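Notes follow once the structure below has been shown.
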Amino acid sequence: MSALVELDRLGKVYSTRTGDVTALSEVTLRIEDGEFVAVVGPSGCGKTTLLKILANLEQHTSGVGILGNNELGANRSDDVGMVFQKATLLPWLDILSNVLLPVTLKRRASAADKENAMDLLRMVGLGEFATKRPHELSGGMQQRAAICRALVHEPSLLLMDEPFGALDAMTRDVLNVEVNRIWRDTHKTAVLITHSIPEAVFLAQRVIVMSPRPGRIVDEITVPFGPERTLELMGTPEFGSLCAQIRRHFEVSAA
Amino acid sequence: MSTTTSTDARTTSATPRTTPRRRRDAGKRRQVVGSLVVLAVLLLAWQFLPTALGTPSYVVPVFSDVLAALTDPAAFPVYLEATVATMTEVLLGLAIGVTLGLVLAITLAQLPTVYGIVFPYIVAIESIPKVAVAPLFVIWFGFGLSSKVVVVVLLAFFPVLVNTLHGLRGVDKDQVDLFRVNGASPMQMRLRLLVPAALPQIFSGLELAVANAMIGAIVAEFVGAQQGLGVLILQAQGRMETPAVFALLIILSALGITLNVLVRLLRRVVVTWEQH
């Protein structure tokens, strides 16, 4: 396997009026092509900063980061798909046009692009909603459409920033199963930011644990389950003990 | 008493075929009928109260006199010419003012530093009663069309500028990130995100601009003009023809209402995602 992402002692310092704030410190991380990695940690641990650096929305201030063949921050890479906490669909476009946005920002959407977008929508059960406006869909359906949008231009890296944080627990479970299926179908490299430990363990092959002040990686846990995850898995003792193992990091740092 | 009411409510809601929409439509119909009844009462009062109270016609003319002045065939070409003159000022001024307001707002929204420098002046100028500068514009631009247009531009410009700026600066940060992640150019960011997202506020600005434009045109005509509805009002006042003054006010109201309705219809057609 080859690495898609390689971060070497990556750091980020914000200069504020009251002095410098270290958001990320010495983050060294290697993500293999096709891997699903989850990053967990309490708020303020820099996990969102890490994601924004990977998306080239923010620049790191020290260390080196490589995504694919490009150095992070050097030139803009459009090679990522991003799912935000809110669905962030444009209310003036129908669902199909929303999904096609990453394509239409670069060129005219071809018939093949549209077919590809429709395939994605059908994959998440939204085939019949292509011509609807976002406000006609439920929150879960909107977030499904947002996932399609993040995949439509076939990015090499899928970034998800607490994508289901705003949804109710039941919709969350259903969507987690769906994300697992999409990941198995598309073989996309995925990075999930979450503060839900069970969600991280459920979806990822590897869980990166971060701790705040300054934001740094404190542990990496390989999840021993196979690629296919079902909701029954969440009830097993292995799943529970893995979650407990991760949770202990935060109990210690809180004390 | 309260028992009866609650029973009534229950029977209404239990009636099988009354869908919520139909009930809403019925409610709306009742409101329209109510408004028409109020109008009829007001017009009847206008017709009979002045005579009953012995008010002279040059103070408050009865409604039928106003109607006669309004429908006077001899006055019609005069009214028409004046309406064309006033509406030319209004529409020309609106077109220029709204365009300037939009362009400046879009430019300022993407230049935070310039925005910071200019903003206090925008607030300051906004709080000046701008019609007060109309006499100055007559000195500068004369008694013709241009001085009126300039007043209308000034009055239409600010609500569009301020509301559009508000809309552009309130765009969701995640939506901006979405465009940045996907490598959107500054022009794409403007045309495909910022402007559509600000459309509801832009239309609010436009509604204010339309109302202001009418005020601007009439006040500017009062100050100094050769033609227009404002000029006719002054002339009728000079001859103590109060029914004609009222007739002209009715024409002005009708024009103002028409413009407002047009803007709101346009808003409904353009901003389809807005919940009414």
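Every residue, even glycine, has its Cβ placed from backbone N, Cα and C.
Note on TrEMBL: of B:57-79, B:149-171, the range annotated with the feature transmembrane segment is B:149-171.
Panel annotation: around the transmembrane segment (B:149-171), residues 89-90, 92-94, 96-98, 100-102, 104-106, 108-109, 115, 122, 125-126, 130-131, 133-134, 137, 140-141, 193-195, 197-202, 204-206, 208-210, 212-213, 215-217, 219-220 of the same chain, lying at least six beyond its termini, place a Cβ under 8 Å from a Cβ of the stretch. Using a Cβ-Cβ cut-off under 8 Å and counting only residues 6 or more beyond its ends in the same chain, the transmembrane segment (B:191-224) has close neighbours at 86, 89-90, 93-94, 97-98, 101-102, 106, 109, 130-131, 134-135, 137-138, 143, 147-148, 151-152, 154-157, 159-164, 166-168, 170-172, 175-176, 179, 184, 230-231, 233-234, 252, 255-256, 259-260, 263-264, 266-267, 270-271, 274.
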